[in-house]
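> Below you will find the structure I want to go over with you.
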Amino acid sequence: MDPLQVEEAPRRAPKKVSSIRKWGPAMIAIALVIVINAAMFGTQGAPDLSQRAQRKLQLTKERIAQVEAMEAKDNFDVREGFGSRNLSEADGGVMEYTRRRHRYLGDYTHVDKSGDFSMFGKISTSVIYFAFWVFLMFPNWFWPIGRPGIALGGGITMVVWRFILRQTGHGPYFNAEHVIIMEPLFLLFGLMLTTIYIEKMEVGGLFDKLRDSLDDPVNWKRSGKIMFMSTIGSAAVMNDSVVLIFSGVVVDLCVRHKVANSLPYLLSLATTANIGSALTMTGNPQNILIVSLAYDDIGWVEFVKNMFLPVLAASLINAGMMFIYYGSELFPGSSGFTENLGIMFAGNRTPEMLAQEHAYYARQAANKDGEEIVQHGWSIWSKIQLVVTLCFLIFFALGYDVCVVSITAGCVLMCIAAYKRQHYDPKPENIQYDEDGNPLPPKKTYDMDGNEIEPEEEELVTESETTLTEVDYGLLMLFIGQFLLIGSFDDTGVPQAFFNFTMGGCADQMTEGACVYWFVMIVTLLSNIASNVPVVQMLAATFPFASPYEWLQVSYSATIAGNLTMLGSAANMIVAFQAAKVGDRTFTSERHFPFGIPSTLISLYVGTFLLATWHFSPECSVKLGECEE
């Protein structure tokens, strides 16, 4: 027997998971949420307005009245934003800043058109939205069109229906161009371009080194490495960019190790990307929007200090639930939770795990001679990739426009790859061979006079014919369709009405006492129904003078909400789309729900408690004058 061949332990037939085992944790988590809120509010409902809440309402009314009484000025373009929070007295001070922001929120971020709809218009638009929401959530239940086709079809349907409503007098004009937010589309295109060239430029390059850094023969350690990398990467850069880069890496690792179920590893990537992005103000789009729309300043260090404990707790909860819920996949051969603890902390191994390790190291030994230079050598092209990637991260951290930075990085890598292909890569051979494998002489051609015709030089292969065709344009179509659906639904005022109705007496004291737990639950539900960015825009216009602490609670709940359902965050959609592109269709809504619900709800309430108990940002608005007493 070849010493490098290791006999693998016989695989056990996969057991069918019972409904109780599958949905039990989700049902328990939902029951706990109901019990907690019932115990907090009891039979008395929302508490009466505190003196602080009453004072804030009075100050808000006075400030809005002062702003509306100010003279209009022509030297301010609303399209350029509302400028600095710290305007000098010569420029108008806090009142001029407030006027600019008031106009910005009223004219650009959120326009209330709900009064222009008839009841028929509101109901019909909402029905179309929820119908396509279900189609997107469960695409395999209907026609095999795929999520991009469903979203684009829904967007076009909404545009047509809104035109019909306008012509019949049941609804206002639908500014479709306005609701398509271009920045995420530019960012996604730039990130996809950068990712493709990092992956395709060179075998054994930066992409392969990233994959090898996450590789491990032990399943639970491999999942742990993915979660750690995803958490730190999302906090440092942005969750969408991390999942775009590493979705293919995770799928490739699953193929390399021949895992029967790749769902735990894809969930490890997606869920921790959302959790980690809550740590910093640049971790996700809604955090960036919150910091820009907040009335008071929220600094980068201040943001991290407040979010550190909630994010740490959510990361530990998510990792613990991952190891428990998918114990059979991550700890093959283990008898249960107790043995899993021994494997993690005492270094124990099951026969199945030993067989996997032996097979892994045997493959490494067999391929060592042929792949050592490719895997471990840093060629000039790998170094260039590393420099471009580091420059991308540095410019991003310095606050430069992420769309411009990502597209520029992709274009630089594209030019380098084209130069490398033209001058350094081996040319494709066009030599023909006979039946015995001997090369045949090239065929000669002659003109009418018997003169030999010199062969023409082969045309260069361009990037448009090769790498650029691998950009996922379908993913861009998916987001465009969703923007159209969500934008039209927000116009109806249904999400705002739902928020005001469900919040009740807590609407004017969102983060005081027991109200904060109900508030984060409503934000979580709205973030999964109408998307988190529109919810943040709605809250900014509805509560223009929210305090930094209130915005931090919104940020945490809207971000953690991304793990509740498949459509809860763009990161989930990117992971599912990227995995399906290479044939892995395990990451679906039906399989996401049983784990996403308990992990999200427990992380949400524990993190909210920690943030409410230990926070460093003021619970009042300094610029509004609320903190003076």
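Keep in mind that glycine also has a Cβ here, set from the backbone N, Cα and C atoms.
The structure displayed is predicted, hence computed values, not measured ones.
From TrEMBL, for reference:
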TRANSMEM  23-42  transmembrane segment
TRANSMEM  123-143  transmembrane segment
DOMAIN    140-414  domain 'Citrate transporter-like'
TRANSMEM  149-165  transmembrane segment
TRANSMEM  177-198  transmembrane segment
TRANSMEM  226-251  transmembrane segment
TRANSMEM  303-326  transmembrane segment
TRANSMEM  386-419  transmembrane segment
DOMAIN    464-541  domain 'Citrate transporter-like'
TRANSMEM  515-540  transmembrane segment
TRANSMEM  560-580  transmembrane segment
TRANSMEM  592-616  transmembrane segment
> Cβ pairs under 8 Å only, please: of the recorded stretches 177-198, 515-540, 560-580, 592-616, which one is richest in them relative to the transmembrane segment (226-251)?
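Ranked by Cβ pairs under 8 Å, first place goes to 560-580.
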> Near the transmembrane segment (23-42), which same-chain residues lie under 8 Å Cβ to Cβ, leaving out any that are not at least 6 residues past its ends?
321, 325, 514, 517-518, 521, 593-595, 597-598, 601-602, 605
> Could you tell me what the rest of the chain brings near the transmembrane segment (560-580), counting residues at least six beyond its ends with Cβ under 8 Å?
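Same-chain contacts beyond the ends: 133, 136-137, 147-148, 184, 239-240, 242-244, 247-248, 250-251, 262, 266, 269-271, 273-275, 277-278, 284-285, 314, 318, 472, 474-475, 478-479, 523-525, 527-528, 531-532, 586-589, 592-593, 596-597, 599-601, 603-604, 607.
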> So what's the average pLDDT for the domain 'Citrate transporter-like' (464-541)?
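So the average pLDDT across the domain 'Citrate transporter-like' (464-541) works out to 83.
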